[in-house]
Amino acid sequence: MNPDNIWLLASTFSKCYQYHWRYPIHFKLSDRYVHHMKRNSWRSTICKSVVRSCIFCTAFSTLAILILVSVSKVKRLETKRIIICAFGLVCYIVGFISYYNLSGKMETVANVMNALVQEYDKVRKERSTRDSIKLKSTSGSTLILRIFQVIPIAFMASPVIIVPFYLRRDLGAPFLLYKITGGPPLPDNLFLNMITALGKFLYLTIGVADTLRTISCIVILGFQRLLYYTFFVKEILQYCAKTGTNDPVRVGKIISWYNRMQIIFQLDNHTVTWLTGMFFFADFFLTLVINFVTIKMYHVLPIYFYVIFPIFAVLLFSVTPIMGYLLLEFGDGSENVVKLMEQVAGLVRDGRKRKFLQKEVKSVKVLRAPAGMGNSHLFLVLNMWHIEGPLHFRACVGSIQRNSLRCAYFLQWDDKLGEVVPIKSSSRLYRAFRSFAVFCTLIILPIFFLRCYQIAKSSSELVTALSYYSAVTGTILLVMDLPYLWFFAKEQSLCKFVAFFYQIIKLDKQFHDLLPTIVISKKSRNHIKNMTSFANIVTFTINYTFPAIIAFISFSENSPVYGFIVQVLKVTSINFFVRLLIATLMSITFNILSCVTYLCALFIVSGTVVFHFWSHMLLKEDISFQKTIQIYNQLKVMTILVQEIGHDLVSMCLHHAYAVIISTIAMYNFILQFTKGNQVSVLVTLPTVVTFVLATGFEMLVICEIAKATTASKEMLRKLLTNHGKDKYRRKVVRSLLPNSISLEFVDSVDTIRNGISMSYFIRYADRVQSYTCTWLLATNLSQ
C-alpha cells in the first residue's frame, strides 16, 4: 500500500464530518496538509470546553453507575444495561483521553505530521531522480484502505442509531445515574419537558458523536504516522543499498536523512505513544466485552443489539494485525538501516572522512515505535537494559506519585539530571510517607489480622471466595511490604538504594562501551527481547491494571476493612459516604504498596538481567584476558551490591516462602471454583491468575536466571583455566576467583558460597506449591 493512499482515508474522514461542529484536527487532501484550530479563538475555546465536559461527565457517570451496581445488594439495573455501560465506559475513557491530548497538543500533532510528509517526499523524489525511477502512482492495493474507510463511515452513522436508542431506553449515563441514586422526579410541565428532551438530545449527540469521531481520528492519525515512518525507513534502506560504497557525500546524505527522521520521531514520540496505547487499550477491553457478550449474553440481549458486537469484533480483528505489523516493521527497518549505515561508512576510502562518518553513525539510535500510556511502554523491545531499566524506574516512581495523589512519596524525577532522585527528609512529602508507614503498621495490619481471624471463625457459607482471597492476600502483602516501607523511610537507605540502582545501570553501559564491537547472538537478543517484553507488560499491569482491580475490590462488599467494620458493628451496611472514604483510603494504600513492591523487585531484576547477560557474553565471545577479568570482577562487585540491598529489604530474602504461600493460595482458590457445588467467577479467576503468574515469574527470574548465570560463570572460569593455564600468573589469577552468584538468602551454606544457587531451588518451589495445593484441596473435600 502506498502511503499517499492514507490521504484518501483522511479525506473520507473529513467528508463524513464536514457538516459537524469544529474539531481540533482536520485534513486537506489537495495539498496533503494537516490543519488545526486556532488556539485562542473563542470558537475553539467554547468547542473544546463543551466537548470535553460532555465526554468527561458521561465517562464519570458511567463509572459511578457500574460502582453503584457492583456494591448494591439489590438489582438496580438490567443485565443488558450493565453491558451497555461497560462497553460505553471503555469508549468514553478512550474518547476523553484522546480528545484531551488532541485538543491540548493539536499544533504539535499537525506540524510534526506535516514535517514528516515533507521530508518523506524529499527523500522519495531525490532517490527516484538519482536512480531514474518513476514515482509510483497513488493507486495500488486498496484492500487495507477499504477496511479502514469503513471506520469513519460507520462511526459517523452510528450516532443516528445510538442517540434515539439511548433516548427511548433512557440510557444517558448522567440521567440514568440520577435515576439510580433516587433523585426526585421533575415537575410534569410541557415546556420543562421540551427543554429537558432538547438538552438530553444535544448532550447525547455531542458526547456520542465526538467520542466516536475522536476514536476514528486517532486510528487514522496512528495509521498515518506508522505508515509514513515505515515507508520513510524503506526509502532510506533502498537508497543505502544502492549507493556508491566509496562516496562519502552520499553516505553523509543518508545519515542526514536518518537524523532528520530521528528528530521528527523524538518530537512525535509522545503522540505515537498515546495514539497506539489508546488503540491497544480499547482493543483489549472491547475484545473482552465483545467476547463475553457474543458467547454468554445472546439469550439476554435483543437481536438488533447482539448484531452490533460481532461487527465490532470483525473490525477489531481486521485492524489490530495491521497496526501491530506496522509497529514491528518500522523498528525492524530502522535496525536494518543502522546496520547498513555502519557497513557503508566503513567502506569509505578516505581515513578521516571514514572516522567522522563512523562517529556520526554511532550517534544515531535504532527507533522503535512505542505504544503505552504516560511513561510506560507496552511495546518497545530489543533495547539494552541500561536504556530500558531507567524507563521502568521512572514509570514506577511516577505511579507511586499518582497513587498517593502526590501527597506522600519518597522519590521524584529530576529534569536537569535526567535521573530519579530521593526527596529531602525535611520535605512535607517525605514526612507524609513516613506517616503512611506508621499508619500501615499500627492500624491497617492489625485490622487485616483481625479480619483473617473473623473469616477463620465464620461459616464458609457466609464468606465469599473473593472476600477470603482478598483478606489473606492483602495480609501477606502488608507483612511483606512493611520492611520495604521502613527501609525507604530512612533517608540513608533511600539514597543508598538510588545510588546502587544507577551504579548497576552505569556498569551495563560501561561494559557496552568497553566492548563496542561485540556481536550479540540471536539467542541472547531473543533473551533480551523476552525480558524487555515481560518487564513492559509487568510495568503496564502494575501502573494501569492493578489500580483498577484494587479499586474494584476496595469499593465492593469483599473489601476486608468493610467486612471487618460490618462484623464488629453487627450491621448489614454502613453509611455510603463513610464507605466511600474507607474504600478510597484502602485503594490508595494498596496501590502504593503494589508499586513499592514492584520498585524493590525492579532493583533485583536489574541486577539479575545485567548479571545474566554479561556472564553469557564473557563465555561465548572471544574477549582478551584482561578485559574478561576486569568485567568479571566488576560483575562480582555488582552482585555484592544487589545482595546488600536484598538483605536490607529483608522480605527479598524471604521470597521463596512468600512465593510458595501466595501461589498456593492462588492455585487453591482458582481450582476450587471448578469443583462440584461451586461457581466460576471472573472476579476470582482474574486476580488469582495474575497473582500466580507474577509470583511464579519473579521466582523463575530470581532462581532460574541467577542459576543460569552462575553456571555460565563457572564454565567461563573453566574456559579461562584451559586457555591460560600454562601461564603461571594467569593461572593463579583464575584459581583465585569464585563463581559469581547472587544469593538472596539470610544464611548461605558452604556449597552456595562456593557454587552459587542451582535450578533445584525452583524445583522445590514448584513441588511445594503442587503438594500444598493438593493437600489443601483434599482437606477441603474431606471437611465437606
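Placement of Cβ uses the backbone N, Cα and C atoms for every residue, glycine included.
Fair warning: this is a prediction, and the values are worked out from it, not measured in the lab.
Among the features that TrEMBL reports, transmembrane segment is placed at 50-70 (among others).
The transmembrane segment annotation in TrEMBL covers 82-102 (among others).
Look at TrEMBL and you will find 143-167 (among others) tagged as transmembrane segment. Cβ atoms under 8 Å from those of the transmembrane segment (143-167) belong to residues 1, 5-6, 8-9, 12-13, 16-17, 197, 200-201, 204-205, 208-209, 212-213, 215-216, 219-220, 223, 311, 315, 318-319, 322 of the same chain, restricted to positions at least 6 beyond its ends.
Taken from TrEMBL, the feature transmembrane segment applies to 212-232 (among others).
Taken from TrEMBL, the feature transmembrane segment applies to 271-291 (among others).
Marked as transmembrane segment by TrEMBL: 303-328 (among others).
According to TrEMBL, the feature transmembrane segment maps to 436-456 (among others).
Annotation source TrEMBL lists transmembrane segment at 468-487 (among others).
Taken from TrEMBL, the feature transmembrane segment applies to 533-555 (among others).
Annotation comment: TrEMBL describes 561-578 (among others) as transmembrane segment. Sequence-distant contacts of the transmembrane segment (561-578), counting only residues of its own chain at least 6 positions beyond either end whose CB sits under 8 Å from a CB of the stretch, comprise 73, 444, 447-448, 450-451, 454, 458, 467, 471, 586.
Residues or ranges marked as transmembrane segment in TrEMBL: 590-614 (among others). For the transmembrane segment (590-614), the list of distant contacts is 385, 389, 392-393, 396-397, 399-400, 403-404, 408, 436, 440, 474, 477-478, 480-481, 484-485, 488, 497, 500-501, 504-505, 507-508, 511, 524, 527-528, 531, 535, 538-539, 542-543, 546-547, 550-551, 554, 631, 635, 638-639, 641-642, 645-646, 649, 651-652, 698, 701-702, 705-706, 708-709, 712, 740, 742, 744: same-chain residues at least six beyond its ends, Cβ to Cβ under 8 Å.
If you look up TrEMBL, you'll see 649-670 (among others) marked as transmembrane segment. Same-chain neighbours of the transmembrane segment (649-670): 465, 468-469, 472-473, 476, 480-481, 483-484, 487, 600, 604, 684-685, 687-689, 691-692, 695-696, 698-699, 702, 744-746, 761, 764-765, 768-769, 772-773, 776-777, counting only residues six or more beyond its ends whose CB sits under 8 Å from a CB of the stretch.
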Long-range environment of the transmembrane segment (82-102) - Cβ separation under 8 angstroms, sequence gap at least 6: 24-25, 51-52, 55-56, 58-59, 62-63, 65-66, 69, 109, 171, 173, 176, 207, 210-212, 214-215, 217-218, 271, 274-275, 278, 281-282, 285-286, 289, 293, 297, 301
